[in-house]
Each structure stands twice: as C-alpha cells, then as structure tokens.
Amino acid sequence: MLDGLKMEENFQSAIETSASFSSLLGRAVSPKSVCEGCQRVISDRFLLRLNDSFWHEQCVQCASCKEPLETTCFYRDKKLYCKYHYEKLFAVKCGGCFEAIAPNEFVMRAQKSVYHLSCFCCCVCERQLQKGDEFVLKEGQLLCKGDYEKERELLSLVSPAASDSGKSDDEESLCKSAHGAGKGASEDGKDHKRPKRPRTILTTQQRRAFKASFEVSSKPCRKVRETLAAETGLSVRVVQVWFQNQRAKMKKLARRQQQQQQDQQNTQRLTSAQTNGSGNAGMEGIMNPYTTLPTPQQLLAIEQSVYNSDPFRQGLTPPQMPGDHMHPYGAEPLFHDLDSDDTSLSNLGDCFLATSEAGPLQSRVGNPIDHLYSMQNSYFTS
C-alpha cells in the first residue's frame, strides 16, 4: 500500500517537473493551433511563434533559398526570408544597374528613381554627373546637357519618311543620325562647317541581334546596350540611335493603322448615308409629278384676279332686257331667259363646260360674264 502511494506521488512530481520544463522551453501545443506556413494543424509538442502566428519548426525557412532560419528572419506577405534574399527582392534598386542599394550607401535621386553614385552618369559619354550639373531624364536614361542638345539636333535632321522608303532592309537599318546630318548639310549650302558623318550599314547578323533584343524590350538598359555593342562591334551610340529610330517607326506604323481604320469607318458611314438618301430621293421623284399641279383654289384665285366677275359694282348701268325688272342684278333669271331662245343662242351650251367634268380648269376656258356680254351684243345687233 505504501509502495503504491509512493509510486503515485513520484508520477505526479514527474508530471509537474515536465510541465515546468515545457513552460521554460516553449508553449504546450493546443490541438487548435494551425501552422501559418503549411496551414496544417500543429501536432508537435513544441512550436515557434512569429508575429502572433504559430509555425512548425521545419516550416521556418526562407521562401527563396529554403534554408532554415535559426536566429533572425524577415516577414513579408505571410512569407519568411533570410536577410540576403529579402534585400535582393524588396530593397530599393538602382535605376542604372538595377541592383539593390544597401541601406548604408550614398545615393543620387532623379524624380522617382534612385541611383548609385557610380551609376549616376550620362548614358552617352558616361561622364559621372556631380551635384549641380544639368541633366535630362529621358525614358529612364540620364543625359547630360551637351549630349541632349546634340541628340535633339540630330533627331531634328532625320527625315520622317526615311523608314518608309522602298529601300532594302540593310539601308533601312542605317544609323539615321549620320544620314540625317549629311542630308541636312547638303540641303543647306550656307552651313559649310558641319561635317558629314559616315554612314553605318548593318549586316544581317547585327540586324537580327537588334531585332531580337527589341522584341524583348524596346527600351533596353545601359548594360544591354553595351552588351549588344560588344557583340556587334558597333558603338553604344549607334545602338542607342537604332533603338530610338525603331521605336519611332513602330509608333508611326501604329498611327497609320489607326488612321486607316478611321478612314474605313468613315467610308462605311458615307456609303450607308448615300444609300438612305437615294431611297428617299426615289420616293420624292415619284411624288413630285403630283405635287407640282396647283390646287383648284389657286386656279380660281388667279382667274378671279384677271377677270372682274362683278362689273356692275364699277358704276355701269345694268343692261335692260325683257324681264330684267324682276331680277336686275341676278344671273339665274338671265340664263333662263337666254336659254329659252333657240334661234340665236343655240350654241350656248357648247361654250360652257360642266363643273363636274371640267374641274379646276373651268376658269381657264372663259368667264361666264364675258360670254354673257358677247351674246347680249349679238342679240341686240341682229
């Protein structure tokens, strides 16, 4: 019985000792702890804690080189890195050599770009720019004031249609700065001091190397240009001018293609508008013959303005005829009396047209008052 009690006491003391030892080394693993690296439940007795997250011991390694991290580490985007790869991936890079800049290095700034002191130099003459020097940052490349002015002068002399002429590929790949300078000196006879630069003709191998590099990047860095110059045996300036001319050529082709697309769209719009206009013109041509005739009211108004239908209002004495004392100014009794005479007015019906048959042209045949006067004169003279 005493032996059993002693064994139980020893077991409890061993448990307390192990608990105190685990509290010194690390935290006991709870069944709900999940590793931040592999997203699995941690079943180990001990774990590592980084930035309020739990990790397996074997998961604490660099995400780039897979080396285990023992003393220090860098944490970014839920990943761990060693010092070397963290500085290589996320440190500020030089705008010239694209290498990482150490925190203890001196730098030169140009707008948003940062450069090493040795990399802060002109890309043409490779002269290191000092504090206070004037320079130009063009397409991510540094140019001193003198080289920038020379480049502007050379580019202004380049003919814009030189790349689109019907020449061979070798002639199109000439160094256009030299060609433009020679052309400008020949056209301007007054400027005899400007020397003609030699024309550089590229071989097929050189042109292929340039085009392959242009497909990778249209704006290569200084190291790539120096490598191409060493491979092709040309100067860095020739390589730089070729890339500038090639970029200008691609932009011009893109603008020309866009202009052609706009012209096609405008042509289609004009064609559709002309088609619709011809359809409307056909309908107007069909309706025009019927719309040109004047209306009956217009015909009557014209005839009434020519002939005066009421002569008795002008102060004339009305003619005296048998039976006119009943209707001195009326026309209907006069017509009835005249129609009763078959000898002298037998052709009176031939002089008038029926209103229903003549229509608006009745007023053009003659005024009934005029016919009445003519028949009256013939009646009294007979």
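Keep in mind that glycine also has a Cβ here, set from the backbone N, Cα and C atoms.
For reference, Swiss-Prot has these:
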- 33-92: domain 'LIM zinc-binding 1' (DOMAIN)
- 92-154: domain 'LIM zinc-binding 2' (DOMAIN)
- 161-208: region 'Disordered' (REGION)
- 195-254: DNA-binding region (DNA_BIND)
- 252-286: region 'Disordered' (REGION)
- 256-269: compositional bias 'Low complexity' (COMPBIAS)
Secondary structure composition of the compositional bias 'Low complexity' (256-269) [DSSP: H/G/I, E/B, coil]: 14 helix, 0 strand, 0 coil
DSSP residue counts for the domain 'LIM zinc-binding 2' (92-154), split into helix, strand and coil: 10 helix, 20 strand, 33 coil
Residues in the DNA-binding region (195-254) grouped by DSSP into helix, strand and remaining coil: 43 helix, 0 strand, 17 coil
Taken over the domain 'LIM zinc-binding 1' (33-92), the model's mean pLDDT: 80
